[in-house]
Amino acid sequence: MKRVDLKIVLLGKEYGGKTSLLERYLYDHFHGDLPYQNTIGAAFGAKKIQLDDKQITMGIWDTAGSERYEAMSKIYYRGAKAAIVCYDLTDSSSFERVKFWVDELKKFEEDCMIYLCGTKKDLVQEDRQCRKIDYHTTTDYADEIGANLFETSSKTGECVRELFTQIAMDFVNKYVPSSKEKNEDLILESPGKKSTFCCSS
Amino acid sequence: MATASCKSLEDSETARESEEETEIPKDFEPGASSESILISIDLYEEVENSPGSVYEDVSYRRRKSTICELERSAGKRVLAEEQVETSKSFDDKSQDGQLKAEIGHDESIRIKNSPNVEPIRIEMESIQMSSDEEKHEIIETAEDIHNPEWKQHSKHIFILSEAGKPIYSRFGSEDKLVTLMGVMQALVSIVQDNGDVIRSIHAGDHKFVFLVRLPLILVAVANTNASAPQLVVQLNCVYNLILSVLTSTQLCSIFEQRRNYDLRRLLGGAEKFLDNLVDTMDSDPSFLLVAVRCLPLTSAIRDTISQSIVQYCSKVKNVVFAILVAKNQLVTIVRMKKYSLHPSDLHLVMNLVNSSDSFKAAESWTPICLPKFDSSGFLHAHVSYLDDNCPACLLLLTVDKNLFFTLQECRRKIVERLHRYNCLEAINASLESEGYSVSEVGLPDLRHFIYKSKSAAQFTEPRLEAPYVSNEDQSNLFGLYQYLHHRMYNSARPLKILFYVGQKEIMLSWHMAGFELYAAFEPMVTKFTAVNTMNKLVRWIKKEEDRLFIMNAPTI
Ligand SMILES: Nc1nc2c(ncn2[C@@H]2O[C@H](COP(=O)(O)OP(=O)(O)OP(=O)(O)O)[C@@H](O)[C@H]2O)c(=O)[nH]1
Ligand SMILES: [Mg+2]
């Protein structure tokens, strides 16, 4: 059995739901009743995941969204194999920050796979008026930059596990030499322009 | 005010007499040890006697950087990368002319001239205001300031930029205080134009205290017992907090590039650090005394804890400080040889841990600047609680930003060893007992005291018990301590001993070469008994010093 380390970084505007997303994934809980606690610097969490014969240890960096840390963000995303760039579906300005982070990653971490993640989906399902970011705008953008797109809710857990599993699978396909035939590898290694629309309803 | 209705007895005669009675050696100092973990300084003498330091320019700090020195000694390259990153341009999208326009609304500023308010006294470093200028009364503006609740707060803290742009206010929204802050900026700059520095304005019970630390201006407005120098010390703490999140390098370069920058953008999420700091300063003697409160522990346990940290941290290069704190009390500090921590820096670290629960959820890796250590750059802190069931938080500070995983492992081993030697239980037991009761001292007239060892920069106090149970009684007592402290440090007439008859208690304070002691007594106690009690008290503290203070200063 092979052990592999996968570094993932969560980026996005403050109050965007990054910490909640990670806590849902790691501990399967959501503390919506507790007051919002902004992350300071970055928090680190790890989780093991089993894919076929491979055990992958994800090291996940949950960064603080405050602009103050922008200048130091490299410490956290350097060498990341995947970045989850979060935006709050109920806050239009949060998508502007997505563009900032995507540009930054394209510039400094070319090889980092990008996953766009619209958070707090339960809120927009409850009240359609709450949605401030048009779904098609985000899919168009995801296609343009060659990123995957997910819409998640940390409250209900919708799509959260799927997001991280997808990252792990993409990582394995891209970096971990498969014991199977070579040509399959080649197909998988070609940069996927396709977006995955998980749970789009 | 309490002071008006109390008779205070104090003269140098009594002072000399009492000192003889105490028979305490001149250099007696319970809590002191040959080497101190903290740097001992006298901030109040600084504030009182060298006004120049009130108006210091941060740029001097660029001359030498402790962090660079550390990095060089570790054979590392200088933080070149970060330096470039921090100096990248901060463009300000907000409207430039906004402030001017608002000040232009003359109608919104009214100057009230009510004859029954005491005239304002403006204290400056050299210039005395001429009498006709004294007639200007409290300046009021519309909006928030007319809100009675806003006015009721006994202390306000404001931060504004040199250009007068609001950065922080403890109460109310900064946006609504644009005009008020504009006035504050104007006051500062008018005095500055005359080549002077404004320090404070006194109007009735209110003090307006200014601290100019360009590119920032800090203002405290209070009608509490806090004296003007004490408020300056508080403002200094607030200023240091800003540096701790931004560094002086970043702060200066931002405003060099854009005088009108809205700093609130960079302080997002830090407001709660500021709020927490501003609030605790009104009840926590740490800030008043510029000293640190230690968690009482037997010296055996404390040494085990320190040794555990030393054992694993010494294997890691570049750990500058390892700090263990529990509920605002210091458990231990392990430091790199040659480097000591300033109590103010430690206050900021404790404030950071206290103001946020987010460290409880996961281990964190965060940049932090310790301004007294080196205001020009960041250290990197690995922050984690020891255990879900133990509210002690361990901070491992380093100059190496790539050390996270090494420190994670180091921390794991430390915690393992602490478990093995039952240190967590000992910490929890001490926290649960909430310190000690004044009755343990066995002096019946004594209600409460605060003792500071000057060279150790540490203090001790028993827990607050009856009659200091309600918030109001507790804050009255703290107000008395502030008052005593102020009288003792009064620059014109520093005192050695002060016997003060309050409305509900008798207060005594006593300064010796090595310590400061402030105590509250039953209201009917005689001067003779009180002085005798103080004498016995310091001997009790001496007996307990191993438990109450950190006497060892382990290094790595
Ligand atoms: N209803 C709902 N609320 C959410 C969801 N995710 C996050 N929130 C709430 O949004 C707020 C911010 O969430 P955080 O996860 O702390 O945001 P963050 O991105 O980590 O913020 P920073 O650490 O400041 O960068 C919190 O009050 C959460 O309870 C969600 O899926 N549904
Ligand atoms: Mg967060």
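In case you wondered, yes, glycine gets a Cβ from its N, Cα and C as well.
Record features, source TrEMBL:
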type: REGION; residues: B:1-33; note: region 'Disordered'
type: COMPBIAS; residues: B:8-29; note: compositional bias 'Basic and acidic residues'
type: DOMAIN; residues: B:155-277; note: domain 'FUZ/MON1/HPS1 first Longin'
type: DOMAIN; residues: B:317-415; note: domain 'FUZ/MON1/HPS1 second Longin'
type: DOMAIN; residues: B:445-545; note: domain 'FUZ/MON1/HPS1 third Longin'
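Per DSSP, the domain 'FUZ/MON1/HPS1 first Longin' (B:155-277) is made up of 59 helix, 32 strand, 32 coil.
DSSP assignment over the domain 'FUZ/MON1/HPS1 third Longin' (B:445-545) gives 38 helix, 29 strand, 34 coil. For the domain 'FUZ/MON1/HPS1 second Longin' (B:317-415), the DSSP-based tally of helix, strand and coil residues reads 33 helix, 40 strand, 26 coil.
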